[in-house]
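Before any comments, here is the structure.
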Amino acid sequence: KCAHLRLVCQAELKPYYTSKLWWCGITLLGLGEVGNFAAYGFAPIALVAPLGCVSVIGGAFISVFFLKKTMRTADILGGTLTVTGIYLFVTFAPNVHQELTARQVQNYLVSWPFLVYSILEIIIFCILLYFYKRKAVKHIVVLLMMVALLASLTVIAVKAVSSMITLSVKGKMQLSYSVFYIMIVLMATSCAFQVKFLNQAMHLYEATAVVPINFVFFTTSAIISGVIFYREFQSAALLSVFMFLFGCLLSFLGVFIIARNKKEEHLQIPFIDCGHIPGQKLTSKIQPDSHSSCYGTLNKEDESVKSQS
């Protein structure tokens, strides 16, 4: 975002991918995702998945410094609720450390709870896909539910792959098993289709609506898949389960409060002064087009601009 804003202010219009700042941001984003991937190899899904809310509150507060946005009371309240929720679900998350071998993953894949869960998930996904394709129903809930169903398979595969790589690095080779490559294919395929439906949701609806709903759906499906596939809450006390769910609820509420009534902003500087263009008056403007690699186009409806052209 910061790179896009800087490009808008430059006299010479350039595509965003020529910006070093943009590539710096993409690199940092990639490093964060690598760390997130590695975390699944050391901690339960029920702990790693809800911690995604840190990016939401982090983005809200960091934007104040880098994008000069105004800190709202809702941001402070939402951040407080989210941090409280993080403390609760980190404290009461299942304390299980599994060194998942390839044979254990194979056994989990053919266990009856996962088979029943997979059948139900496939049926629900097919119903949603039918309404999406045949009936042209593109409601935000339909799109993000399909994303969440795919995400449950993604986190299962990610944890399996990450755990097997971790064990292999420690000297217990797991990469020779076929289930490792099956999980990689499952991970890549489910991620690709997630991007398809999530992109559709982002195209049709504002990010302020998509981000919190997607976070809630994704986290819920990830926790359920961890419970069913990896049996993470098998020996947990009832009070711990209740406090964990209460912490997740507080985090969900905090994310919704942060995103609530936040208008979509394409650019911080909506207009560029054309005073430096020969023959133009100071009142003439260029309207940036955020959907194009070219950041400025002349306003075609401005008769004065037409006459100067």
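Cβ atoms here come from the backbone N, Cα and C positions, even for glycine.
Note that the coordinates shown come from a computational prediction; the quantities given were computed from them, not determined experimentally.
Look at TrEMBL and you will find 21-39 (among others) tagged as transmembrane segment.
Annotation source TrEMBL lists transmembrane segment at 45-67 (among others).
Among the features that TrEMBL reports, transmembrane segment is placed at 74-94 (among others). Sequence-remote contacts of a segment are chain residues at least 6 beyond its ends whose Cβ falls under 8 Å from one of its Cβ atoms, and for the transmembrane segment (74-94) they are 44, 46-47, 50-51, 53-54, 56-57, 60-61, 232-233, 236, 239-241, 243-244, 246-258, 260-261.
For 114-132 (among others), the entry in TrEMBL reads transmembrane segment.
What TrEMBL records for 139-158 (among others) is transmembrane segment. Within its own chain, the transmembrane segment (139-158) has Cβ neighbours under 8 Å at 37, 40, 45, 49, 121, 124-125, 128-129, 131-132, 183-184, 186-187, 190-191, 193-194, 197-198, 200-201, 204-205, 209-210, 213-214, 217-218, 220-222, 224-226, 229-230, counting only residues six or more beyond its boundaries.
TrEMBL lists 178-198 (among others) with the feature transmembrane segment.
Per TrEMBL, the feature transmembrane segment maps to 210-230 (among others).
Under the heading transmembrane segment, TrEMBL lists 236-259 (among others).
For the transmembrane segment (210-230), the list of distant contacts is 44-46, 49-50, 52-53, 56, 98, 100, 108, 113-114, 117, 140-141, 144-145, 147-149, 151-153, 155-156, 159, 198, 201-202, 248, 251-252, 255-256, 258-259: same-chain residues at least six beyond its ends, Cβ to Cβ under 8 Å. Counting residues 6+ beyond its ends, the transmembrane segment (178-198) has Cβ neighbours under 8 Å at 102, 105-106, 109, 143-144, 146-147, 150-151, 153-154, 156-158, 160-161, 164, 210, 214 in the same chain. Stretch with the most C-beta contacts under 8 angstroms to the transmembrane segment (45-67), considering only 21-39, 114-132, 236-259: 236-259.
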